Amino acid sequence: MRVAFGAVCLLFCFIVHARTERAIGILETQPSHTLVQSLGADVISLGNAHFVLWEKTRAGAAPLFEKYHHPSQFSLHDDARVSIEQVVERVAIQYNLQSWGLARISQRQLPLQDAFAFPVTAGEGIEVYVLDTGVNINHVDLGGRAQWGINTVQGSQNRDINGHGTTVAGVIAGTEFGVAKRARIIAVKALNDEGGGTLSDILYALDYINSRAATRNRTMSVVNLSIGTERNDVLSRAVDELANTGIVTVVAAGNGDYERNNRREDACNFSPANAANAITVGATDQNDVLASFSTIGRCVDLFAPGVDVETIASSPGNNTTVATSGTSLSAPHVAGVAALILSEENATTVGHYAVKQRLLQTATRNVLSRVYGSPNRLLFAEFDTTANNGSGVPSPGGNSSATARLTLDGICLLSCLIFNLCIIPFLFHYA
């Protein structure tokens, strides 16, 4: 079944979630119990930073902070809006690829070959947190390896109505469309059904990821953040501290509006793309040319496929696919390879920085054009193929054959379900 959309309808697509805005304080030391009690605040500790969140309607916060902490030890911030980043050593070999991205990260040079080589461990034992709009955990291509973690969006359902998070999860761990075919997906919904959210909801989600990963082993965990906002010190600091705990932290470089501005956007002007510790990923096309929407600059660590990437869709049904574009699709290629590395190595001794170093060292260099001063590195999944017996893809479990195909015409079309009767696409402005 092929469903094509030729028009864009904005009517009734946006549902406003009423909520009280919060304020956020960052402390370099443990916050005073009296301060927290006085504000009625929540405290989220990530690495060496402590984030204090309270309702913005509570007055007198600055004097209270100054009463209990030296001014050099804290900073105060407003909550902020965050949105999705989307434009509309045994080895197995996967042939008859559904996604060109898998082929590209498995070879050094063009032209593309129809094969993807990966270790037979295939990400087994590794959990990848998709902090996004949710995930359709019942999609057949995820093979029963996806589960809900937490939903920090007030009043929203444990469903991916938007679809963005599901497309990301498919690239990371889909049986046919994904990189790490045995990894587990943990759905962390921190953005609403329109693809937007608040900084405070992101912080609550990161706190959950940090706490849950600590109960297993942080070095067996990866987090993908295909989200973005204008430069925000709170978000960048939180992501940096999460990486410091050992959780492999991958972020999208961001999508600039090149067509309208006639200039490339600098990733350093966006968060969490500018988080120094994170692995920041830009987008390229099938010809190894920088995607027209991808941000650039020194804050980008490497590039990965991000144009017309085939992946899974959240609806209709549990077997639909979609071709879409954005740095949102580039980051999960890297998150998937990170999961492969962790499952191949001794994950208890390989943390974020070791994985980041390996990704940068093994990346294919100087094959990209029009990178505009960015590091000329293309993601490469480097694994020993000499021991492969040609047996093909190891079965991750579940039925991955997609019988329905959803094609969204245009660069950035996502679906929202109206009255449970029709699917209406809408356009997201580049973050």
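A Cβ is built for glycine as well, from the same backbone N, Cα and C atoms used for every other residue.
Whatever TrEMBL says is automated annotation, not expert-curated.
Look at TrEMBL and you will find 1-18 tagged as signal peptide.
Summarising the annotation, TrEMBL assigns domain 'Peptidase S8/S53' to 123-373. Confidence over the domain 'Peptidase S8/S53' (123-373), given as mean pLDDT on the 0 to 100 scale, stands at 95.
The active site, charge relay system annotation in TrEMBL covers ASP132 (among others). Within 10 Å of the C-beta of ASP132 (active site, charge relay system) there are 32 other C-beta atoms, taking all protein chains into account.
TrEMBL lists HIS164 (among others) with the feature active site, charge relay system. The 10 Å shell around the Cβ of HIS164 (active site, charge relay system) contains 28 further Cβ atoms across the protein chains shown. A helical conformation is recorded for HIS164 (active site, charge relay system) in the three-state DSSP classification.
Around the Cβ of SER328 (active site, charge relay system), a 10 Å sphere holds 33 further Cβ atoms from the protein chains shown. Sequence annotations record features per position, and here TrEMBL assigns active site, charge relay system to SER328 (among others).
What TrEMBL lists as transmembrane segment is 406-428.
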Could you tell me the C-alpha distance between HIS164 (active site, charge relay system) and ASP132 (active site, charge relay system) in angstrom, no decimals?
7
